[in-house]
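Q: Following this message is one structure expressed as structure tokens.
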Amino acid sequence: MSRFVRASKYRHVFGQPSKKEHAIENVKVTNSAWDTNIISASAQYISVNWNASGGGAFAILPLPSPFQGIPGFPHKLPDTIPLARSHTAAVLDTDWSPHNDSIVASGGEDGKLMIWKVEASMFEGWGQEGWVAQDFDPVLRIDGSPRKIGQVMFHPTASNVLASSSGEHTVKLWDLANPEEPRSVLSGHGDIIQSMSFNSTGTLLATTSRDKKIRLFDPRAGGEAVRINDGHSGIKGSRVVWMGDLDKIATTGFSKMSDRQVAIWETGGLTNVKTISLDQSAGVVMPFWTDNNILFLGAWLTGKGDGNIRYYEYESDSLFLLSEHKSSEPQRGMCFLPRRALSVSDCEIARAYKVYGTTIEPIAFIVPRKADSFQSDIYPPAPSIEPSLSASEFFNGKVAPRKLVNLADGSTISGPKPSAVPSSTSTPAQSPPVTQPTRSFSAAAPSPAPAPSLAPSTPSFSEPSPATPAQRSWAPSPSPAITESKTPSRSNTTDDKQSGLEEENARLNAELREAREKIRNLELQVESMRANARKAAEALMNQ
């Protein structure tokens, strides 16, 4: 047996649940058996699918913290609270805008998509004498599908772009400023879509389906998938999550023998890199990725061990188990907080919100350190609240790197360039991120002018200015300047030659990247033409 212990700064991360008085109790969770996370969080609020009579509803509540209670808000909810009630059937999924902490989208069994804007004044006087609950009203209603809307997801970098999956076995992308028709419809699924996930810049979308296939789409290149492969072979639910800026996705599912599995796939050929068997429990496994290269796995439904949260560190195409947060309370749903809202003073690298019974429990995942300064090695830049693109720019084919926020001082920086569909003939080591070709959308393109508000009489979707990361106690102190005396030497000539060689090498590498980019773009155009040809052939055969 090897005595080697793999070095990792996250090896001792532990989950710290909140005190009982810091959780939210008397939560009436939906009875729907639809497989979604049930709960979603922004940096200010949480939404949870509610068990309501007379139609569908979900609750919007202030964000609880594992370190303190919510000022002026009861931890045990009154029996009657304000709800978002406008759906006529059960609400199946909600998602908060990454660019506005007060905007939330919902989808339900009635086939409707709704957008809601939360005002802080809605929570004044909760539970006090004379307080009357007033329900939330949507600012936008969209007829999303004649069948149910199973999942909703905001675009990670383009403002006011929403994706929805429906019982029609399609994913539709909407411009919320012009919601009359979807701007893109992604088809080809043979059964119900079980989950979907954008890559970090929103140029690609991965889906899993009950037909046991994994599909990769370029939403602006057409409705056909550009990559398809067999996923997990079991019949139970499968989930997918993009692994940050990596050209890889992680999926969870079941084998034919009902073993629960987690797998890694590279997106170049959508080929399997690694598959790990977890156990034989019945609950669907929910994957969550953080930019610390940590994959969190939580189970949905009841069963032995389904209250636990496992977390793995990704390195060199392998997943290494870090630890497991154990709990005797099986979770009904779970979500994670946006990283820009973490408490860096507590060395909190991730925060989960777990729904069990009638309780919403915050769980802080903490690196145990005694430190008096910001720990930059465990806090890579987080996705910023600022969008990189408008909806019209995105659908007109523009690409832009996502904006990131430095958790030390709140400053904004640009992330890596968006990547196109990686070539299936290239190895990951030979496939640097490249920029996609600009493509025109088949529908009439809107003017590149700023998007109008959703309705004249409703609040507009104006993007707030970026806030300083929450609960930040430290900022790095400037380093004193260091002055060195330099004397000329013969080594300077050698250094100049070395510098010239490095510049030439950088120029050649740039030209090589451009050549590879052109090759990949041509491959993508050929695949799109083939997909259109297949459609035309099918249409002729059906005549």
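Cβ atoms here come from the backbone N, Cα and C positions, even for glycine.
A TrEMBL annotation is a machine prediction, not a hand-curated record.
Residues annotated as compositional bias 'Low complexity' in TrEMBL: 418-429, 436-446. Look at TrEMBL and you will find 463-492 tagged as compositional bias 'Polar residues'. Sequence annotations record features per position, and here TrEMBL assigns compositional bias 'Basic and acidic residues' to 493-509. Annotation comment: TrEMBL describes 3-67 as domain 'DUF1899'. Under the heading region 'Disordered', TrEMBL lists 409-509. According to TrEMBL, the feature repeat 'WD' maps to 84-119, 142-184, 186-218.
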Q: So what pLDDT does the domain 'DUF1899' (3-67) average out to?
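A: The predicted confidence over the domain 'DUF1899' (3-67), as a mean pLDDT, is 93.
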Q: Would you kindly list the residues that approach the repeat 'WD' (84-119) from elsewhere in its chain, counting only those six or more residues past its ends and only Cβ-Cβ distances under 8 Å?
A: 30, 32, 34, 36-37, 40-45, 47, 49-50, 52, 55-60, 135-154, 156, 159, 162, 164, 166-167, 174, 176, 338, 383, 385-387, 454, 458-459, 461-464
Q: State the residues, same chain only, that lie 6 or more residues beyond the ends of the repeat 'WD' (186-218) and have a CB under 8 A from a CB inside it; answer 'none' if no residue qualifies.
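A: Here the qualifying positions are 35, 150-151, 153, 155-158, 161, 163, 165-167, 169-173, 224-235, 237-242, 244-245, 249, 251, 253, 265, 267, 270, 383, 388, 394, 399-402, 415, 418-421, 436, 524.
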Q: For the domain 'DUF1899' (3-67), DSSP counts of helix, strand and coil?
A: 3 helix, 22 strand, 40 coil
